[in-house]
Amino acid sequence: MQSASFTLASPSPSFSLLKPRRQPPSLSFNPRFDPIRASSNLNNDSFNVNLSTRRSWSLSSSSSSSPVQLRPWNAPPPSYSDAETSRFEVKATSVPEAAGEKPESSSLFKTLELGALFGLWYLFNIYFNIYNKQVLKVYPYPVTVTVIQFAVGTVIVSLMWGLNLYKKPKVSGSQLAVILPLAVVHTLGNVFTNMSLGKVAVSFTHTIKAMEPFFSVVLSAMFLGELPTFWVVASLVPIVGGVALASVTEASFNWAGFWSAMASNLSNQSRNVLSKKVMVKSEESLDNITLFSIITVMSFILLAPVALFMEGVKFTPTFLQSAGLNVNQIYTRSFLAALCFHAYQQVSYMILQRVSPVTHSVGNCVKRVVVIVSSVLFFKTPVSPINTLGTGVALSGVFLYSQVKRLKPKKA
């Protein structure tokens, strides 16, 4: 199917003043016409054609599938200068009938590839939480741990750019100024998450982080003017109720861990709102992976001096030995946690490029269930039936929220 749109950029002579000479009916195109200056530019199936006003044209299409024909009218050419030519923009798009058809082998390969990416996303996330919790249990310096994670991510990003494994972006100073607030809230979100993981069980931290949709709705309404629908608000009820029930019955509950996880939710959703508010027009040329890579480097630069000021240099072998810690074990687990931290976020963005945001949200909900179950089994975290019920209700609310987001409010 083919469609065409036309835009007149400058005034053209009136067609009513032109008296066309009658053409033989058998001829659809007169080859003996004055030369025209035409330029064509192919970009995403759009064509720009410049026509001189020395000749007027009529456009006709013999059928929906045939190309547009230009028929000249032999009229006296008006005395316009070259600079006073009219400009028509002709944009045509065509969709082949078999555009949606894909070979079965290619479709199967893409399905397997997507399944493998989801598996890696969950696997890296599980191991990140396990290794990270093991380090934070014996090394209570969450800011330093976060800096190490950003440092490893910065090295990985630098290698990717240096070895041309991923195209190095050209970022201007104005773009960096726009990205800076995102880097700040991204840094705070990860610091607060590590603070919570150091204080409470992994399962409880992720149960509280299930309240991210609640903060997303509130912040979007406050700063973007996006009022939620009735069904979105209804889906938040089981999320809030489930988290409250799980918090009351949590064996490892303490207020420091609870509020750190809540602050992480606020920071992460602030990053998402900022992305919608300031990045839509300013950063169209940056894909998600490139943007995440830049934010990782900026977060390391921002947090390193803060960590030195707040916690000092407490990651040296001498300090770890004086604290009675196994140096090799701490270094190995910290490095693996940082590696998994960067890997699971990279894979997450790779998945987001292949599926819709709603599908990605559902996958994130399933991921949280997998992480909670695996951490409970690995660390043998004591959970009561009521605590399990509260966690289940909260996660069910998250799944319901991801589904009702498909529903768009009807325009009045």
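From the backbone N, Cα and C atoms, a Cβ is placed for every residue, glycine too.
Whatever TrEMBL says is automated annotation, not expert-curated.
Lifted from TrEMBL, the feature list:
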type	residues	note
REGION	1-47	region 'Disordered'
COMPBIAS	1-15	compositional bias 'Polar residues'
COMPBIAS	38-47	compositional bias 'Polar residues'
REGION	59-84	region 'Disordered'
DOMAIN	113-402	domain 'Sugar phosphate transporter'
TRANSMEM	114-131	transmembrane segment
TRANSMEM	143-163	transmembrane segment
TRANSMEM	175-193	transmembrane segment
TRANSMEM	214-240	transmembrane segment
TRANSMEM	252-268	transmembrane segment
TRANSMEM	289-310	transmembrane segment
TRANSMEM	386-404	transmembrane segment
Contact yes or no, the transmembrane segment (175-193) and the transmembrane segment (214-240), 3+ Cβ pairs under 8 Å, gap 6+: no
Recorded stretch that, among 114-131, 143-163, 214-240, 386-404, has the most CB pairs under 8 Å to the transmembrane segment (252-268): 214-240
Positions on the same chain near the transmembrane segment (214-240), where near means CB under 8 A and six or more residues out: 265-266, 268-270, 272-273, 276-277, 393-394, 396-398, 400-401, 403-405, 407, 409
Mean of pLDDT values spanning the domain 'Sugar phosphate transporter' (113-402): 89
